């Protein structure tokens, strides 16, 4: 927090790698993720009640004064209604809640007169124009100054919003109503009325005008998560039985269709027996905590343990991972949901196992995410590379839950049990349930699904009586899941397959399919799938559900097609190399800064050399490395830095190797390029035999390269480690002297050797499955006037205009298709089975030019958030079986 205030205030967020604030409009756009930023000191507001939880009352008092004095809520800026509600409105209300508590205690905040509540009311009214729709569901965005439909608002044309976006408003708005006595802020009915009546599930995206479901897949993760959370918590805070009835109806459907212990898999709302995808996103990690609040502990323990096993494999929870626990989306923006569930499970069970889980989370944050100016999000959990990003929820939630996990009652200056947590972990007092109540009418028009009476308990469970008197109860549930990730068990058979019992054979799986097998072709025909042989040697599969022998066969056929698309995508990626890491290990970085690097298809394979290559960097002359090196004495036994362009990559490698370099880093000459916004870059050979090149070569985009160049200008001697993935600092500095201030609290100097060996034993296998690699582009350097170029990639596995067909290469097909040249780098095709989301294209204005002998302005940070993998659902959108 102090670092944020020192380096970023009054900006909305801290950029921890470049030690500056992120101000919207002054940094390259990251798309929708920037809609949380409104030039209202977001992190400061989001962190207010965290300061009081941490017993930082003096800092809280100063922070409140800053908010009152400096924050302007009348900016001409378009923001997300959802994010502004949970982070800013929730932050102001949470700050007000603890401010009046401290004032009542008589020592602090005696001057406070409800200023934060007045600001919250102002903001509430600024969000209200978004609700001016025929359904009452809000527009996803609103202009703080001009509203929605105003000519200068620059918003109001959207037609869709996510279920969580529209359904995660009731706590903050109801609390605002109760605090102010203004009942205009309480309402939540429309989504419930639009649920799919036969399954009682809701979709991910809904049309705000018609109420039609736009995306008909349903789960408990991204897009829906906090809608379910707020139904249960609205009952707790407001005491309205209808919220509990709705939650229990949904919960019964979740446990009936989505829960496949220990997994939680998305399904179709109209066909809930059919899985909608074969991967899970990290936001579902909140669900075990919600199950604790519900009182359903066993499945909470199971899912939490599965997630913990994934974390132990990758150090963090990937943004998405497959049902056999491979990385699907490799980012990790330091999300707090797993820490939240860990806290609630510990509160419910008292099992010290969950303290060990919390200790692991803290150690991983300190080892892998801590950087000189804060904590940096992980760009890739496999390599340990960072993003210049620290979202406000990291301080608002992660710190709060981890502190509460270990805090004793005497560590707290107030009773946390007197409050309920919002989805952003802001504190709302439970006494609001009896204050300024509005008259709520019982919904008698809607019939609830008949469920077991056990689902309609009218009070929250008492955690003291949830468990038998057996202290081994929780452990007995966890034990069968201890090795679930290491075994990489395949996805369990579906409910439809279970219904087959011992009768018909299980459906044909894509991984087993052989186009030359007559029995397989017969099964395809039964599933309504036809096979077409293409002229180039591939086969195309097309499904027509109406031609299937039965509805069950049609479901099997659709599942087969989904699997085949994913398999085809994986086959393309098998020709790609995973990203590498450049880790700055010299003073003052000491391994905390990790840069994503592109690999070379020649030279030392870093995945086979665990130690990597370590050395000081030196720039070569000529800087392009395209002729004999004229300063070999400066390059010998060092890692050479050179600029991209004017000759082949392999020629550069041979020249520096001849000069005595132990490795090379090629820095992109395209101003402003970044690994955050461009697909992974691979350096191809020159079409000749490259066995003579034995040193490692890595490629850095312009932004990452400038970080090293800036470090050289400031510190002169810069040492780096080239490796397949980032190493923890205990391993890097084993047996070496290191300043005490960079050693994490959990790594004492005398335990350095022991910790190092433990870390080594827990590291994932460096030879990861090829399908886990990012989208890649293999490109050769082109000499002026022409040159050779080769690439990696296959044609799009989907035929143009078709959403229900897949094309897969035959065994005799050449997997290496002609690739793009350096001058033309098309976006990689993204099919419904791709393991990485398509990166957003970000255009930047390069105001500063990097010259080796000139002063460089602070580098621009080009960050790209992931796009929702909409294409993964194109086939399912039609919902035709």
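Using N, Cα and C of the backbone, Cβ positions are placed for all residues, glycine too.
Please treat TrEMBL annotations as automatic predictions, because they have not gone through curation.
Not measured: the values here are computed from a predicted model.
Here TrEMBL flags 83 (among others) as active site, proton donor. For residue 83 (active site, proton donor), the same-chain residues that are 6 or more apart in sequence and have a Cβ closer than 8 Å to its Cβ are 35, 36.
Marked as active site by TrEMBL: 225 (among others). A sphere of 10 angstroms centred on the C-beta of residue 225 (active site) encloses 25 other C-beta atoms.
The 10 Å shell around the Cβ of residue 319 (active site, proton donor) contains 22 further Cβ atoms across the protein chains shown. Per TrEMBL, the feature active site, proton donor maps to 319 (among others).
The active site feature in TrEMBL is assigned to 337 (among others). Residues near residue 337 (active site) in space but far in sequence (CB under 8 A, at least 6 apart, same chain), listed by position: 282, 283, 284, 285, 286, 289.
Taken from TrEMBL, the feature Ca(2+) binding site covers 423. Long-range Cβ proximity for residue 423 (Ca(2+) binding site), meaning a same-chain Cβ under 8 A and a gap of 6 or more residues, is found for 86, 168, 171, 225, 226, 229, 230, 286.
When the domain 'PA' (620-707) is classified with DSSP, helix, strand and coil residues number 20 helix, 18 strand, 50 coil. The domain 'PA' feature in TrEMBL is assigned to 620-707.
Under the heading compositional bias 'Basic and acidic residues', TrEMBL lists 752-766.
Annotation source TrEMBL lists region 'Disordered' at 752-856.
Summarising the annotation, TrEMBL assigns compositional bias 'Acidic residues' to 774-785.
Here TrEMBL flags 833-847 as compositional bias 'Polar residues'.
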